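Engineer: Below is one structure. I have some questions about it.
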Amino acid sequence: MGNDETVRFLIHFFNGRWFMVFASFLIMACAGATYLFGTYSKDIKSTLGYDQTTLNLLGFFKDLGANVGVLSGLIAEVTPTWFVLTIGSAMNFVGYFMIWLTVTGKVAKPKVWQMCLYICIGANSQNFANTGALVTCVKNFPESRGVMLGLLKGYVGLSGAILTQLYFAIYGHDSKSLILLIAWLPAAVSLVFVYLIREKKVVRQRNELSVFYQFLYISIFLALFLMAMNIAEKQVHFSKAAYAASATICCVLLFVPLTVSVKQEIEVWNMKKLPIEEPSEVKVEKPKKELDLVQDKTAKVDGEGKETKSCFLTVFSPPPRGEDYTILQALLSTDMIILFVATFCGLGSSLTAVDNLGQIGESLGYPNHTVSSFVSLVSIWNYFGRVFSGFVSEYLLAKYKLPRPLMMTLVLLLSCAGHLLIAFPVPGSVYIASILMGFSFGAQLPLLFAIISELFGLKYYSTLFNCGQLASPLGSYILNVRVTGMLYDREALKQLTARGLTRKDVKDLTCLGSQCYKLPFVILAAVTFFGALVSLGLAIRTREFYKGDIYKKFRESPESESDSRKAVEFVGK
């Protein structure tokens, strides 16, 4: 190519949908700092003199910030994507940087409520990254939303392991510096791509699904590498050079998807250059008409002189499933209420199990390095659950018209099995439980987000997808703090009394034995089973909807091949 053509191709490449997917992978790969709380929480506890109750309060505000993303959704409805990502970058840096300044003694010791505010702000930035990158990708690839959600949330699941490799390579084992890393790195990555993440015209390529499978294979290789490194680092002493080599390989694997993006953008570029037989004036006009119809079918109704009613007057008169609901119509619909209950039970129980995994291992007598293995297993299988639910649910939906809520039911039943293995442990059962809980926990989020997009449309998806996960922190608080925590403390006090001691005689209230978590996890299993039944009810309610062609409105009309090329050319222009 000549210099001019090279410049034009580079402009096309950096504005292309496939490069945007690669950029979103990198943003998501840095957006999981909340998963590293267990690594640096001991520094907060020791330097600030907190007791375990105060530290748990800090952890709750971390979960609250990470899951309450309504603000980012509402901002995304009225501002461009670059503004959403910029706000997220600022919040990430300010929140975690203030925590780093505190634990390193560079500022005066803040009050507890200030530390809660700092970590809530830092964790909430994750929602701005999700809203900016993930929601935009779903809108750009509406027919592949399941696999897209699985991949992007999968990278979030791996982000804790990725950031850990980078932290070892850059700062060694100084866990206080980990807080500094998660303050500046995610913020910097979002700012680098801030102007490249935006909605594009939807033109489906025939090989679209095969491209996503290429991305999947690369991410699986990355996950296996991280799991191997996690095991190796526990068996062998790594030097600084070894950590640097590991981090380098990790970064290379993160950039491998760029080669796939380049290849796809070259194909789109070459397709644009194909000769078109139609007169030039039709080139823009006809594809524009077709693509405008794809982009907003409601424009015909609202833009042709018909009177539109206030959103408050149409709250209980929603459109058919799959059309664009208003925010109020969606939030007050029976489908959303059912989905909220299922999420409360499923994600609430899963978060409780994951948050208590360290104490579970301790109560059953496992050594510390084994407990760390449980946490790592949850992290890696969290990734596999996310990509599995995204790809498999999309395949089952396309081939067998299997309702996605039915897939949610099966995942929740799998989670029940994990909870029961904790309630009634046998030798080695915690390893299996860690895999089951990590997998089911990861699988639930892509399914939740995909179901919301399919039932209620994409027009207000930025807000609805964030509202959908509000049940998660609520379930976590009730099931973790009010149920599991209280029952654990009650059993621990019984053991103290049996030993002739009182609460004042010990520093930490610790329970040992299989009975510590028996009743709490029987309750969690029952709650999750109820959530599975609720999800099954939603599958029955929506079975007719999923039998139809739910992606029909996003698909181009079955025109000739030349019409498809014209549409691609129009998008390029």
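Cβ coordinates come from backbone N, Cα and C, glycine included.
If you look up TrEMBL, you'll see 17-262 marked as domain 'Nodulin-like'. Here TrEMBL flags 335-546 as domain 'NFD4 C-terminal'. According to TrEMBL, the feature transmembrane segment maps to 18-37, 82-103, 154-172, 178-197, 209-229, 241-262, 336-354, 405-424, 430-453, 519-540.
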Engineer: Any chance the transmembrane segment (336-354) and the transmembrane segment (18-37) have 3 or more Cβ pairs under 8 A, given the pairs are 6 or more apart in sequence?
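Structural biologist: No, the transmembrane segment (336-354) does not contact the transmembrane segment (18-37).
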Engineer: Sequence gap of 6 or more, Cβ distance under 8 Å, 3 or more pairs: do the transmembrane segment (519-540) and the transmembrane segment (209-229) meet that?
Structural biologist: no
Engineer: May I ask for the residues of the chain that lie six or more residues beyond the transmembrane segment (178-197) and have a Cβ under 8 Å from a Cβ within it?
Structural biologist: 14-15, 19-20, 23-24, 26-27, 30-31, 33, 36, 39-40, 43, 81-82, 85-86, 88-90, 92-93, 95-97, 99-100, 103, 122, 125, 129, 132-133, 136, 163-164, 166-167, 170-171
Engineer: What parts of the chain pack near the transmembrane segment (82-103), using Cβ distances under 8 Å and only residues at least 6 beyond its ends?
Structural biologist: 27, 33, 40, 43-44, 47-48, 72, 75-76, 109-110, 115, 118-129, 131-133, 176, 179-180, 182-184, 186-188, 190-191, 193-195, 197-198
